[in-house]
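Q: Structure in structure tokens, see below.
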Amino acid sequence: MEKTGADALPLTVNSTEKQETICIFGTGDFGKSLGFKMLQCGYSVVFGSRNPQMSSLLPRGAEVLNYSEAASKSDIIILAMHREHYDCLTELVDPLNGKILVDVSNNRKINQYPESNAEYLAQLVPGAHVVKAFNTISAWALQSGTLDASRQVFVCGNDSKAKHRVMDVARTLGLTPLDQGSLVAANEIENYPLQLFPMWRLPFYLSSVLCVFFFVYCVIREVIYPYVNEKTDTTFRLAISIPNRVFPITALVLLALVYLPGVLAAILQLYRGTKYRRFPNWLDRWMLCRKQLGLVALGFAFLHVIYTLVIPIRYYVRWRLRNGTVTQALANRDNPFSTSTAWLNDSYLALGILGFFLFLLLGITSLPSVSNTVNWREFRFVQSKLGYLTLVLCTAHTLMYGGKRFLSPGILRWSLPSAYILALIIPCTVLVMKLILIMPCIDRTLMHIRQGWERSSQHSKSAMNGKSDI
Ligand SMILES: Cc1cc2nc3c(=O)[nH]c(=O)nc-3n(C[C@H](O)[C@H](O)[C@H](O)COP(=O)(O)OP(=O)(O)OC[C@H]3O[C@@H](n4cnc5c(N)ncnc54)[C@H](O)[C@@H]3O)c2cc1C
Ligand SMILES: NC(=O)C1=CN([C@@H]2O[C@H](COP(=O)(O)OP(=O)(O)OC[C@H]3O[C@@H](n4cnc5c(N)ncnc54)[C@H](OP(=O)(O)O)[C@@H]3O)[C@@H](O)[C@H]2O)C=CC1
Ligand code: HEM
Ligand SMILES: [Fe+3]
């Protein structure tokens, strides 16, 4: 970071315009990065520091003064220091009077203090206009310029003029300010960067649970069972064979779980006869993380494809092939070509390949650069219609893979069926429910409901109550 800081050069500024001066208190990582970016964008920067002489490696072109001198140079003062050190500002109440104080701080834990840092600052320096901003931008992102994912700056404050000046600064830095209202919102803004992938949490837990369950299930069936019954060691299956069951099964179940909430929502709307009532919280949350669920599923499908690619070069597979041929030759047995088996085999592979292709297409259209180029109808078409087609193809791939063995009793081990049979339960249920929902009579009612029609006035009354409950 220091390297880039030393290289910093203000870009050419329109010389007829007077440069606006911004003051930054604190010469730590964030202060330096922000100062560097501001100089680049044409501002004059004055740093306020406890030890102006000691401060080194600051961006070239910036001035360093003590706190009160620095404060006198600008109306806008950005506090690039931790909340724990805000108490030193109490000595500066006079120089800070009437200034815009920008609080950029984050905490280490959610709700670490009873009040938000910005509100605490407003209490410490009552004469200043406190604005919360920039806390979601990292020092690293400011310097490296890779801000694509985190351009948004949440801004809040009680003084609207002050807030708008800070929003203008954010815009000049190439960021996207989002007005979040008064300082009361600061608490939420401060908690935001502390949440670790909130939308990814449910998909992550779900996929972990599915992987662990199916892994243990397959180990029981394919490693422990042969050991107990035939004393054979099949532990080598732990490396490829079993993962290549667990990963596609997880992908298939997760894909079905992407489309299950839509079906449940439709059933709920049909049952209630109105769309004007909120879904239960768990369904709402589930619907909101479908994208993440789908992308995790795609990841597992990818793993399955890679594992499948190595099947022909596996020692075990080549050994079985060679051994089968030799045994057959020694026994002088014939192994006639079975057209039906060839069909079954090629079909399940073709279905898998097509399913994977559509799966990828769903993933590609969810990239912002792609989804921005299609309108919402096109996007819904791909996500909903092609999404169901993906589920159909992947489910058919698995059903065909089971093929003739599907329901033969020989497949049971300790009464446990093959893992893929369990994996098919949720996808088949979703597809059957969807099939019922798209029957013309039901589909028509659902369409009406979604266009705002309600089954009875009693329902609309309860709907109003439902809404006022929220
Ligand atoms: C690889 C991959 C990537 C994905 N990427 C994305 C993504 O980028 N973005 C994304 O959103 N999803 C994404 N998904 C998830 C999924 O494809 C979408 O959520 C998809 O739209 C779900 O289709 P659906 O038909 O089940 O749901 P929807 O078409 O959303 O319908 C579900 C329910 O919503 C309600 N509803 C729909 N329309 C209305 C209406 N007009 N009025 C009232 N209620 C209505 C109904 O209750 C309906 O039953 C992805 C999935 C995968 C596998
Ligand atoms: N680093 C990041 O990516 C981000 C940081 N932030 C927030 O920005 C603020 C600053 O973070 P960061 O720059 O990383 O922190 P640093 O620890 O690197 O810098 C903090 C600075 O605060 C000043 N300071 C004032 N009083 C004291 C004191 N009593 N003891 C120690 N330092 C003091 C110091 O400057 P001096 O020596 O000049 O007085 C010091 O350099 C924090 O509130 C943080 O939450 C927000 C978003 C991202
Ligand atoms: C390029 C695409 C694909 C190819 C070539 C392919 C190939 C295969 C093969 C060879 C098997 C048998 C594995 C074995 O013998 O152990 C298999 C099984 C399976 N595949 Fe695929 N597949 C593809 C895509 C998919 C996709 C997209 C899904 C769904 C998300 C999927 C789900 C499954 C499932 C659930 C099984 C059964 C796992 C088991 O119990 O053994 N496949 N696939
Ligand atoms: Fe650094």
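Here the Cβ of each residue, glycine as well, is placed from N, Cα and C on the backbone.
What TrEMBL shows for this protein is this:
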type     : residues : note
DOMAIN   : 21-107   : domain 'Pyrroline-5-carboxylate reductase catalytic N-terminal'
DOMAIN   : 249-394  : domain 'Ferric oxidoreductase'
TRANSMEM : 204-227  : transmembrane segment
TRANSMEM : 247-271  : transmembrane segment
TRANSMEM : 292-317  : transmembrane segment
TRANSMEM : 347-365  : transmembrane segment
TRANSMEM : 386-407  : transmembrane segment
TRANSMEM : 419-442  : transmembrane segment
Q: Is it the case that the transmembrane segment (204-227) and the transmembrane segment (419-442) have 3 or more CB pairs under 8 Å, with pairs at least 6 apart in sequence?
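A: Answer yes: the transmembrane segment (204-227) meets the transmembrane segment (419-442) with 3 or more Cβ pairs below 8 Å.
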Q: Please count the residues of the domain 'Pyrroline-5-carboxylate reductase catalytic N-terminal' (21-107) that DSSP assigns to helix (H, G, I), strand (E, B) and coil.
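A: Going by DSSP assignments, the domain 'Pyrroline-5-carboxylate reductase catalytic N-terminal' (21-107) contains 27 helix, 21 strand, 39 coil.
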Q: Looking only at the domain 'Ferric oxidoreductase' (249-394), report the model's average pLDDT.
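A: Taking every residue in the domain 'Ferric oxidoreductase' (249-394) and averaging pLDDT yields 91.
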Q: Which numbers of helix, strand and coil residues does DSSP report for the domain 'Ferric oxidoreductase' (249-394)?
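A: Counting residues by DSSP class gives 122 helix, 0 strand, 24 coil.
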